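One structure is given below, encoded as structure tokens.
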Amino acid sequence: MQRPYNFSAGPAAIPEEVLQRAAAEMLDWHGSGMSVMEMSHRGKEFLSIYEAAEAGLRSLLAVPQHFKILFMQGGGLAENAIVPLNLSRAAGVDFVVTGSWSQKSQKEARKYASEVNIVASGESSGFTTLPDPASWTPSVGASYLHICSNETINGIEFHELPDLKALGSDAPLVIDFSSHVASRPVDWSRVGLAFGGAQKNLGPAGLTIVVVREDLIGQALPACPSAFDYKLVAENHSMFNTPPTWGIYMAGLTFDWLARQSEGSARGIAAMELRNIAKAELLYGAIDNSDLYLNKVAANCRSRMNVPFFLRDESLNDAFLAGARERGLLQLKGHKSVGGMRASIYNAMPLAGVQALVDYLREFEKTRA
Ligand SMILES: *Cc1c(COP(=O)(O)O)cnc(C)c1O
């Protein structure tokens, strides 16, 4: 039986091989007589799962040794508070607003930082363009500068991380990479901290990944909850409190799966990037070459992961979605704040799934012409 193609923005599709392995190991993990969900987080079985997951992520994303990898809970939204609680030193922080997620992040930071400066915004374009970093004016002495490197709702992606030093800023760059983590390499030389919920590209909801430069740890505000203090979490190897064990296990299986992917001579993340470029080109090409569909995002910042699009005749929306469901193309309805459609084509979506969607786009357009 072939499973349908799932275009959900998150929680999102998980590679079938990962689901199968989890199913096979569900009742008895490696002869332990236990499901991973039933194990003590301090027992040797789970510790081996945790260590393999951490090493897997470090190797996949080429995370340098001077960064800590933390497995936390609370999702991306909790990090909107946890980052300023740990990094703001109650001083000013900078934000670049490029869509719904960075907008939410800067609002939350106002609770903890003494000042929030919007150093650039794409709002006047209706969030269809990325403000050119050359035009940003970072403030002097800001504790950090936050961007959302892939705006899941607006379909906007930074294809190159900004070089803050070149803009005259010493502030560490904070990136919310929830919805494109592991889809492409990360230039860690430009990053101070990266965070992301796992439920888009790494596994089930409940796990949050934080990758943070060591020198930024240890400056939490007094009000920071202990369980969210990066120093305590790091010192305790993400086991200050019970970590999301199932999420860590599933992410570990996903890291294994990613490491085994290849495209030509490329392996792991490099292979995923090639595959993701091919998928995105196929889908944007079909949208741009049609008279029915429309994507409004500027070509240089279109997301490879989240592709929002509209039917020029919106009265056809329901028929479009019903026909898609019939063909096993699921969860294509757009975010309520944007409307229209959205196809999220994360790592777990094969090229064949995007091809099936493109075939359907053409077929639907023909029958409505
Ligand atoms: C999904 C998402 C979040 C929110 O994550 P939660 O786990 O729901 O808190 C944050 N940022 C981005 C970019 C996202 O795509």
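Placed from the backbone N, Cα and C atoms, the Cβ positions cover glycine too.
TrEMBL labels come from automatic prediction, so no person has curated them.
With T152, D176, Q199, N241, T242 listed by TrEMBL as binding pyridoxal 5'-phosphate, the candidate from W29, W101 annotated for that site turns out to be W101. Among the binding-site residues R42, T152, T242, the residues whose Cβ lies under 6 Å from any atom of ligand 1 are, in sequence order, T152. Summarising the pyridoxal 5'-phosphate site geometry, the residues cited as binding it (W101, T152, D176, Q199, N241, T242) extend over a maximum Cα to Cα distance of 30 Å.
In sequence order, H41 make up the list of same-chain residues 6 or more apart from T242 (pyridoxal 5'-phosphate binding site) whose Cβ falls under 8 Å from its Cβ. Cβ-based crowding with a 10 Å cutoff singles out T152 as the top-ranked of the binding-site residues T152, Q199, N241. There are 10 other Cβ atoms within 10 Å of the Cβ belonging to R42 (L-glutamate binding site).
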